[in-house]
Structure formats: structure tokens, C-alpha cells
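Novice: According to TrEMBL, the protein has these features:
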ACT_SITE  H412  active site
COMPBIAS  44-53  compositional bias 'Basic and acidic residues'
REGION    1-54  region 'Disordered'
TRANSMEM  126-148  transmembrane segment
TRANSMEM  160-183  transmembrane segment
TRANSMEM  189-208  transmembrane segment
TRANSMEM  280-299  transmembrane segment
TRANSMEM  319-339  transmembrane segment
TRANSMEM  398-417  transmembrane segment
TRANSMEM  423-441  transmembrane segment
TRANSMEM  453-471  transmembrane segment
Amino acid sequence: MGDRGGAGGSRRRRTGSRPSIQGGSRPAAAEEEVRDVGAGGDAPVRDTDKDGDVDVGSGHWDLRCHRLQDSLFSSDSGFSNYRGILNWCVVMLILSNARLFLENLIKYGILVDPIQVVSLFLKDPYSWPALCLVIVANIFAVAAFQVEKRLAVGALTEQAGLLLHGVNLATILCFPAAVAFLLESITPVGSVLALMVYTILFLKLFSYRDVNLWCRERRAGAKAKAGKKANGGAAQRTVSYPDNLTYRDLYYFLFAPTLCYELNFPRSPRIRKRFLLRRLLEMLFLTQLQVGLIQQWMVPAIQNSMKPFKPSGWGRVGAGGAVLVPNHLIWLIFFYWLFHSCLNAVAELMQFGDREFYRDWWNSESITYFWQNWNIPVHKWCLRHFYKPMLRRGSSKWAARTGVFLASAFFHEYLVSIPLRMFRLWAFTGMMAQIPLAWIVGRFFRGNYGNAAVWLSLIIGQPVAVLMYVHDYYVLNREAPTAGT
């Protein structure tokens with residue numbers, strides 16, 4: 001600020017000396033300008049035109065061209081516009097991956113086969129076990145609805161309702177797991193999709209039961225107050241308990257891009273057709289891109305990485321590092337495809353107003369911040385229905401956080417081990433390892449170093465777990481039959 005003020009002062013003094021120059025007393029004006037420069041410590045600032053070039057006619061005495069300032073890369077300079085360097089990094093990333101892509105094409109040829117993708121979902125084109133499982137899930141949703149209807153009119157006690165809900169929720173997790181584990185006609189990919197649907201249904205119905213229970217508790221103590229609120233909000237088409245207990249309300253919640261139930265969701269005023277079309281085109285393009293990257297890049301990398309895992313080659317385990325880059329790139333594309341394209345498309349179709357599906361997890365400086373911001377629907381559910389209830393029951397914050405990670409570790413292992421029909425606990429161990437990792441990063445890393453540690457854990461941790469499961473699955477389903485013959 002001092003430099004700018006000095007420059008401005010020099011400019012004002014120089015303007016004041018111009019009449020002397022025009023009047024013919026040029027030496028006197030020059031002496032006055034030299035005196036001003038020596039006193040102010042700043043060189044006369046030359047004017048620039050609209051294109052940023054120096055206006056040569058605005059000054060003749062450039063006696064000084066230096067001032068007190070830091071280099072741009074110095075932290076004291078306050079400079080923060082590194083957009084050009086970021087663009088350079090993107091260009092270099094594209095060029096380096098283009099080289100790998102060309103090498104891949106030369107070595108393997110074109111491996112992309114859309115027909116092969118269908119075989120991942122179906123073994124028999126006339127048998128659709130995963131789709132049948134998804135359709136059967138409606139039974140459990142209707143069962144939860146009927147229990148809530150009877151609780152609302154007092155036909156069931158709260159203890160009986162809790163027991164029925166518990167049985168229903170336990171069956172939601174056990175029934176598809178048994179079918180996926182015992183039915184030979186279901187593929188691992190189809191099994192994963194079916195189990196994901198049932199997991200989402202479990203979380204949604206858990207929230208549905210909790211919110212309706214809270215409404216009954218509030219109604220019991222504040223009937224008059226609830227009636228005033230309902231009448232006052234009639235113009236805004238708000239719904240109060242038990243008017244929310246309809247199939248329309250239930251299935252809106254089941255299809256809405258959220259895991260937490262509310263009686264009155266925020267709604268957008270209209271469906272934006274252009275916005276929806278962009279999201280649908282993104283979904284189509286990114287789906288094809290992910291399939292192509294998996295078939296062309298990921299599968300050959302995994303197949304090559306199987307050799308170091310054999311007993312004769314443990315010394316070459318580092319070759320599995322070839323999986324790091326494609327796995328991480330596919331994960332980033334999957335994140336954008338799911339949390340931005342898919343969820344926004346569903347929200348736009350259903351006019352669901354809350355579009356906060358993620359926050360700036362890429363700026364995470366701690367593991368805890370990452371898990372709190374990369375998947376907002378799950379984070380809200382854990383906070384509302386797991387973490388806070390544990391605190392209200394007297395648990396410590398550390399115990400509540402550990403409980404959340406335990407639940408998350410269980411569902412991660414549930415979605416991986418059952419479709420693969422093997423239990424290795426790699427996903428469970430990886431999730432529980434986040435607890436000490438979060439402490440280490442929070443204790444020893446700050447700022448950019450913490451952000452780098454988070455990125456490093458994402459780039460290395462996921463591929464290692466994937467490689468472990470692929471290796472075990474390869475041994476069980478490829479080498480074992482060969483050895484038997």
C-alpha cells in the first residue's frame with residue numbers, strides 16, 4: 001500500500017510540474033522532479049494505455065525503475081493466481097496419459113467390448129435374479145409402511161412396533177445376502193447392484209421409522225401447537241403427522257436422492273429441461289468412458305499385476321503400482337458421474353430442492369474432513385441417526401466416531417465380500433484403519449501437507465484393497481479349478 005501511495009504521490013507531483021515545462025523552465029522542472037523522486041523513494045510511474053503498453057509521451061525522466069517488492073513465488077508477496085501453472089499441469093497430465101494410452105493400444109489393441117459388459121450383469125439372458133431381488137424389495141418397504149400406519153392410530157404399542165421394524169430391517173440385510181451367496185445364476189456385478197439397493201433401502205427405512213417416532217413423541221406433548229402450525233402453513237402445502245403416511249409420500253422418499261426422511265422436503269419450482277438434458281448426456285458419456293477405461297486400461301493392468309502375487313514373485317509386488325493411476329482416475333470419474341450427474345438428474349426429475357450431495361472434499365486437510373464432505377447424504381444420515389443418538393445416550397465423541405466407522409466398515413465389507421463369495425475383511429480393515437490414519441494426519445500434518453496426505457491415502461489405499469480382492473478372487477476362481485483338473 002505504501003508503494004502505491006508513493007507512486008500516486010509522484011504522479012501528482014509530476015503533473016504539477018508540467019506547467020513549468022510548458023513555460024520554458026525545463027531545467028527547473030527537471031530539478032523539481034529529481035528532488036521529488038529522492039524524497040519519496042519511488043520512481044515516477046509511467047502511464048499505460050488501454051492495451052497495457054507504456055505511454056512514451058507521458059514522461060521523460062525514468063530515473064528509477066526499481067521498488068521494494070517480493071518475488072511472486074514468495075509467500076510474502078500475496079500472489080495467488082497460479083491458473084497458468086494449473087493449466088500446464090492439466091496439459092502435462094493429458095500428454096502423459098495419452099502416451100500411456102498409445103502404448104496400451106499398441107500392446108493390447110482395442111479391448112473395449114460393450115457386449116461383454118452385458119455378461120457382467122447376466123449369465124443367462126432369460127434369468128434376471130438381480131432385477132427380481134430389486135422388485136422384491138418393495139415388500140419390505142410396504143411392511144414398514146403398514147407398521148407405521150398401525151402405530152399412528154395406536155393399534156400397535158411402541159415396543160411391538162420396534163420389534164417389527166427390527167425384524168424387517170434385519171431381513172432387508174440378510175435376505176439378499178443369502179440369495180447372492182447361494183444362487184449360482186447371479187453375477188458378482190448384479191449382486192453388488194442388488195445389495196446396494198437393499199443397503200439404501202435399509203438406511204431409508206431406518207430414517208423413516210426414526211422420524212415418524214419423533215413425530216409421535218412431539219404430537220403426544222404438543223397437539224395444540226402442532227395444530228396451529230399445520231393451519232398456518234396450509235397455504236404452503238405443508239404436511240403434518242400422520243398425514244404423511246401415504247404410499248405417495250413413501251415412494252417419493254424412496255426414489256429421492258437422500259437417505260434422511262422429512263415430512264416436507266424442499267422442492268424446486270420447476271424442472272429445468274436444459275439442466276436435465278446436460279446431466280443425462282453426462283451420465284451417458286461418463287458411463288461409456290468408465291467402461292472403456294476399465295476394459296482397456298484397468299483389466300490389463302490387473303492381469304499383469306497378478307504375476308507378482310504368485311508365490312515365486314513376491315519380490316515384485318511393486319509392479320502392482322500400475323493399478324494406481326487407472327483406479328484413481330476411474331474413481332474420480334465415478335464420483336462426478338454419481339454425485340453430480342446422476343443425483344442431480346434424479347433431483348431435477350423429482351423437483352428435490354436440496355442439491356448438496358458433496359462439498360469441497362478435494363481441499364481436505366484432514367481425513368476427518370474428507371469423510372464428512374465427500375458423501376453428504378451418508379454423512380447426514382450418520383450424523384442424524386447414529387452419531388447424535390449415541391451422544392444423547394451418554395457416549396463420548398470418540399466412541400460415537402468409532403461406532404460410525406464400524407458401521408461404515410461393515411457395509412463396505414458387506415457390499416464386497418458377499419458378491420465375491422469370500423470373506424477377507426480387506427474393506428473392513430481399510431475403513432477401520434482410517435481412525436489411526438485420521439489421528440496421524442491431524443497430529444503431524446497441517447495445511448498443504450495434510451491435503452497431500454489425504455490425496456496420497458486415496459491414491460494408494462483404494463488400489464491396494466482392490467488388488468487384494470482381485471488376487472484372492474483370481475486364486476479361488478481361476479487357479480483352483482485348474483489345480484483340480
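Keep in mind that glycine also has a Cβ here, set from the backbone N, Cα and C atoms.
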Novice: With pairs 6 or more apart in sequence, are the transmembrane segment (319-339) and the transmembrane segment (280-299) linked by at least 3 Cβ pairs under 8 Å?
Specialist: yes
Novice: Determine which residues of the chain contact the transmembrane segment (423-441) at the Cβ level, with the cut-off under 8 Å and only residues 6 or more beyond its ends counted.
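Specialist: Long-range Cβ neighbours of the transmembrane segment (423-441): 366-368, 371, 401-402, 405-406, 408-410, 412-413, 415-417, 450, 453-454, 457, 461, 465, 468-469, 472.
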Novice: Could you tell me whether the transmembrane segment (189-208) and the transmembrane segment (126-148) are in contact, taking contact to mean 3+ Cβ pairs under 8 Å with a sequence separation of 6 or more?
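Specialist: Output yes: the transmembrane segment (126-148) sits against the transmembrane segment (189-208).
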Novice: Please give me the CB contact count at 10 A for H412 (active site), counting all chains in the structure.
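Specialist: Other Cβ atoms within 10 Å of H412 (active site): 18.
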Novice: Residues sitting near the transmembrane segment (280-299): Cβ under 8 Å, six or more positions beyond its termini, same chain?
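Specialist: Residues 100-101, 104-105, 108, 110-114, 116-117, 323, 326-327, 329-330, 333-334, 336-337, 340-342, 345.
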